[in-house]
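According to Swiss-Prot, the feature domain 'FeoB-type G' maps to 3-169. The feature GTP 1 binding site is assigned by Swiss-Prot to 10, 11, 12, 13, 14, 15, 16, 17. Residues or ranges marked as GTP 2 binding site in Swiss-Prot (evidence: sequence analysis): 35, 36, 37, 38, 39. Annotation source Swiss-Prot lists GTP 3 binding site at 56, 57, 58, 59, citing sequence analysis. Marked as GTP binding site by Swiss-Prot on the basis of sequence analysis: 120, 121, 122, 123, 149, 150, 151. Among the features that Swiss-Prot reports, transmembrane segment is placed at 282-302, 309-329, 344-366, 383-403, 427-447, 453-473, 518-538, 664-684, 691-711, 722-742, with the record citing sequence analysis.
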């Protein structure tokens, strides 16, 4: 079979990602475009004659880049197409918005690259009474047009057949430009490198005349003749760029008049009716908050019901199973304990997180595909404008509920460096999926019937602190106003199940692999560090271990937030959590369990793998039956509680160590707001600079310590009024000084992003890494 590389390009919200998932299924690899952290997705699929590598290009409305501050997505798409890496392009076009989508199509066809138009979302177009003559459109464009409904898989085989039959586009003159424009474009093309095809050289000439700044990188000596060409044109026309765009729009209007009835189309009645409620100035925000509450409620409720299968099952396989193998094969005791408690315990810490994190990713994917996520940005526009940010900056922040890394990377879609940087600084405060796992464990141990409210309040606190951080930056070191907010609101539709599953699987797989590597290594390290004293002797009591000795020295620093000296395990959790927040649960589980080790030894004669696995399935089935009972819906934390008797087990020890719900909640505030994990730090450094990464870390530590201290000292004021008053005044005074210093430093701060100064011409090459972080 012949190998073929195809670029998939289209407008945002045209169904491009759904088509990508339909074609490639699970055969996807996620990496980065070289030199930048914008995600690059590649997939594999086969046709009758070809083995295809499909490259999913960022969504863009055109290939024209007027300003260096424009979204990097447009730059990447343009450079990839001009690089010649793609043998063929598939242009995904939204049939319900044909006129707007055809602008990009015309630019692609003018380049002369073999192109297939995938006319998607025909089901939505039909509901709006839009009729499109496919054959007439194909004849007008001079390339194959394949009707599709990617959410239902309709037209996929026809698209594969068109790929096998692909050839050069027919030589159809699509756009009629004014003769002076063509003359100057041809004069520029003559002095461009001769290895570029003539058609592409003329296209580059028109792009340069339109004001596209990145086409100059390919034009060679022609860029030196540009000013003279523009001067000659201005003697004959007012604005060359306007004439070029107008010629294209006239061509599009002529095509649409012949092939469709878009002028008599009816807007979606369902979308219009729902938007009257969802976008209502009074109801929009409460509905958004309810959707966010519903997201983590279902994640905890259904995910918690599935947890026994992963928890009890992994204990049976990786802890008791390894112990049984060790005793049966007569391993040394130390090796059996090391493998079962270190390796097996680490795996057992990761797997129970899967159901809840997976449900959250599934819910986020549903919101994105259904069209609600764009509405959330619209609803939050007024609030974001108050911060000097456009409403669409809230979209990457919402993505932060799943993981902060793509949230930081998503700031690339914003136009101005100031807006990108402010969004990057706000992103780490959005509560990610890993923090949800921590909140669920603490809620089960400390908050009982108020568990759901406690977790919801932490989510809202993260949003509030992100907003306050934006306000602080706006009035200190990043003054300015937001750019005008224009964003497409796609029609509501039911997401395709296959697409949802693939998106959820890709996110969950990345989480498990990333978390698993770190948690297992940390669990093994902690198990070893717990077994020896500072002098190197083996200890029987964890409180005599080297880890305990070192942690006790540091723990008094956290006394103002409610972490007492004997609760040194909580301090270790904070330090390991800087590597990855999901490690906090594993750390506390390892350390609190070690302190509560029972004298009862494992008996291999009583071990029955089948019975333990059956018990896991049975417990999961019972949990699923109870999931939607009224009591569980009122208190979803109960579904994931996991440890019914709080007097025993790791959760019981944790309950005793913290001593009060106030201390536990204060600890959670600190976990929510303090330093982001290593992968997020790396993303911040790559998207901005190491200096801004350092600022993000220090600012996060400051507000985490300040807010946690204020909460705990107010909650426990009656127990030690003098100490609490001193702590409260110290925190307030310190932050007044910090804000004052930031205001004075405003004139010396460079908000230009490091990433915007990078050469974008290198973005066409694929990153060799498969990790999107």
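Glycine residues also receive a Cβ, built from the backbone N, Cα and C atoms like all the rest.
Predicted, not measured: the structure shown is a model, and the values here were computed from it.
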Residue 149 (GTP binding site) to residue 56 (GTP 3 binding site): how many Å between their Cα atoms? 18
Top Cα neighbour of residue 12 (GTP 1 binding site) in the set of binding-site residues 56, 59, 120: 59
Quick note, residue 121 (GTP binding site) and residue 58 (GTP 3 binding site): C-alpha atoms separated, nearest Å, by 19
Confidence summary for the domain 'FeoB-type G' (3-169), mean pLDDT rounded: 85
Quick one: what's DSSP say for residue 151 (GTP binding site), helix, strand or coil? coil
For the transmembrane segment (282-302), the candidate among 427-447, 453-473, 722-742 having the most Cβ pairs under 8 Å is 453-473
Residue 11 (GTP 1 binding site) to residue 122 (GTP binding site), Cα to Cα, whole Å, comes out at 16
Work out how many Å separate residue 151 (GTP binding site) and residue 10 (GTP 1 binding site) at their Cα atoms, rounded off. 16
Indicate whether residue 56 (GTP 3 binding site) is helix, strand or coil by DSSP. strand
For residue 13 (GTP 1 binding site), the same-chain residues 6+ apart in sequence with C-beta under 8 angstroms from its C-beta are 59, 94, 371, 374, 488, 490
Do any residues of this chain, six or more beyond the ends of the transmembrane segment (383-403), have a C-beta under 8 angstroms from a C-beta of it, and if so which? 292, 295, 360-361, 364, 367, 373-374, 376-377, 409-411, 413-414, 418-419, 422-423, 426-428, 430-434, 459, 463, 466-467, 470-471, 474, 478-485, 487, 507, 510-511
Please identify which of 11, 120 has the densest Cβ environment, defined as other Cβ atoms within 10 Å, among these binding-site residues. 120
Hey, which bits of the same chain come close to the transmembrane segment (309-329), Cβ under 8 Å, at least six residues off its ends? 335-336, 339-341, 343-345, 347-348, 351-352, 354-355, 602, 604, 607, 609, 612-613, 615-617, 619-620, 642
For GTP, with binding residues 120, 121, 122, 123, 149, 150, 151 per the record, max Cα distance (Å, no decimals) returned as 10
